[in-house]
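Q: Below you'll find the structure I mean.
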Amino acid sequence: MNGVERTGRARLLLRSVRPYGAEEPVDLLVGEDGRIADIGELEETDAAEVLHADGAVALPGFVDLHTHLREPGREDAETIESGSVAAALGGYTAVFAMANTDPVADNAVVVEHVRRRGEEVGLVDVHPVGAVTAGLGGQRLAEIGSMARSAARVRLFSDDGNCVDDPLLMRRALEYTSAFGGVVAQHAQDPGLTPGAQAHEGANAARLGLAGWPAPAEESVVARDCMLAGHTGGSLHVCHVSSAGTAEFLRWWRSRPGGGSVSAEVTPHHLLLTDELLEGYDPRYKVNPPLRTDEDVRALREALAEGVVDCVATDHAPHAEQDKDCEWSAARPGMLGLQTALSVLVHTMLRPGLLDWRDLARVLSEAPARIAGLDDQGRPLEVGEPANIALVDPQAEWTVRGEELAGTALNTPFEGMTLPARVTATISRGRVTARDGRTQPYGGVLR
Ligand SMILES: NC(=O)N[C@@H](CC(=O)O)C(=O)O
Ligand SMILES: [Zn+2]
Ligand SMILES: [Zn+2]
């Protein structure tokens, strides 16, 4: 008896997919319950929809712990809808929407709005991140408990964009969130070391006359927070690790007893780009933390390969044209990332042999789902599991054009670059949400 006989009707038949890049293609059947019903060489069924995948690599749908959707407040840069489109096209089935909106997501009303709007759009599970401090002000804790208990059931808290600088507040946040299994995601940047910072502190910034952002401003906060997490038993997640020194510290810390309560992410742009790109003062390369050196890039790739850094998060940061198309110092930091992440990972990690497809499933899906405590994402591609799937054409090559990406923002740092591999379809709980560059809502609700 196959899964469909067990569960009733079939919904979708994926013809010829290669789970985790396996040599031999198989067929994958999804039941009406949105779960994988059968895998193998399957007979024609009365499946409602057949998708000919032509040997595409099948991975569990990607999970982004770090996305800026800009709604509420800056809908001119991105909306929950346009960001969901970008996410589905990029192979994502769940994203975490950062709290630095206007109003800030520091209370139950805002986080419930974000979650509900994500459900209405129905392309990807949108999980709101709650602010750690009220108004991202760094002075007192936000209403963490009420956000956790709200219908949005917030588990991830971050002041991202700002660092939770005050050590006592950081300690309290770790203690408080640990009571209900929450996680504090820190944007590690000592503000005292980075006044007016514009670029990685080093030879390039000096030559270009840009105020430096020294790596120890990140490393010292990461070290402090690891120690606070160890002391309190709280869970710390380090956002956008950017320096070799941070990777080295995390390698040491995580090898110690108790070091397992710390997790970390790296962005695709920090795995590929360096501060040499700043030469022409093009604000598309302005980002926080800044692009650093070749040596940092190498160290970050190694750290991801080793598992010292658990996962990849995009830090997708759309900006309106007037906030990027201006002189360097006036431009906002941030880069688009959702639709290019898989390709950058194939280019920087898979092709050089640092990771294989199974590892990509880990860093793009399984690890972030585990860190955020999602039990229906990052699951194995096996019978009975939820059908959250990204299909990837590994042979594809494409040239990135901001104009062709979803949404109105154009600030991709990969403009004009030709990258390998492309997401051809995304399936969210058994429904095709994206296919060949188009999206279609699943109309489902989060469970
Ligand atoms: N990464 C950025 O440069 N910008 C982010 C904030 C952040 O992630 O720190 C943004 O909100 O635009
Ligand atoms: Zn940040
Ligand atoms: Zn961010």
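Don't overthink the numbers, they just go from 1 along the chain as shown.
Cβ coordinates come from backbone N, Cα and C, glycine included.
Annotations for this protein, taken from TrEMBL, read as follows:
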ACT_SITE  D315  active site
BINDING   H66, H68, D160, D315  Zn(2+) 1 binding site
BINDING   H68, L69, R70, N100, N288, H319, P333, G334  substrate binding site
BINDING   D160, H187, H240  Zn(2+) 2 binding site
DOMAIN    56-243  domain 'Dihydroorotase catalytic'
DOMAIN    292-432  domain 'Amidohydrolase-related'
Q: Return the residues near N288 (substrate binding site), defined as same-chain residues 6+ apart in sequence whose C-beta is under 8 angstroms from its C-beta, sorted by sequence, else 'none'.
A: G161, H187, Q189, W213, P333, G334
Q: Which whole number is the mean pLDDT over the domain 'Amidohydrolase-related' (292-432)?
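A: Looking only at the domain 'Amidohydrolase-related' (292-432), pLDDT averages out to 98.
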Q: Kindly report the helix/strand/coil residue split of the domain 'Amidohydrolase-related' (292-432) according to DSSP, in that order.
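A: Here the numbers are 49 helix, 29 strand, 63 coil.
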Q: Would you mind checking how many other C-beta atoms are within 10 angstroms of the C-beta on H187 (Zn(2+) 2 binding site)?
A: 23
Q: I need the CA-to-CA distance for N100 (substrate binding site) versus D160 (Zn(2+) 1 binding site), whole Å please.
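A: Rounded to the nearest whole number, the Cα-Cα distance is 7 Å.
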Q: Could you measure between H66 (Zn(2+) 1 binding site) and the residue listed as 'active site' for me? Cα positions, answer in whole angstrom.
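A: Cα to Cα, H66 (Zn(2+) 1 binding site) and the residue listed as 'active site' are separated by 5 Å.
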Q: Give the helix, strand or coil assignment DSSP yields for H240 (Zn(2+) 2 binding site).
A: coil
Q: Kindly point out which of the binding-site residues H66, L69, R70 have a C-beta less than 6 Å from some atom of ligand 1.
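A: The binding-site residues passing the 6 Å Cβ test: none.
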Q: Measuring C-alpha to C-alpha, could you say which of the binding-site residues H68, L69, R70, H319 are within 10 Å of H240 (Zn(2+) 2 binding site)?
A: none
Q: So which other residues, same chain and not among H66, H68, D160, D315, have a Cβ within 8 Å of the centroid of the Cβ atoms at the Zn(2+) 1 site?
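A: Other same-chain residues near the Zn(2+) 1 site: T67, M98, S158, G161, C239, H240, A313, T314, H316, A317.
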Q: Determine which residues of the same chain, besides D160, H187, H240, have their CB within 8 A of the center of the CB atoms at the recorded Zn(2+) 2 site, and list them by sequence.
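A: The surrounding set, listed in chain order, is H66, M98, S158, G161, A185, Q186, A188, Q189, C239, N288, P289, D315.
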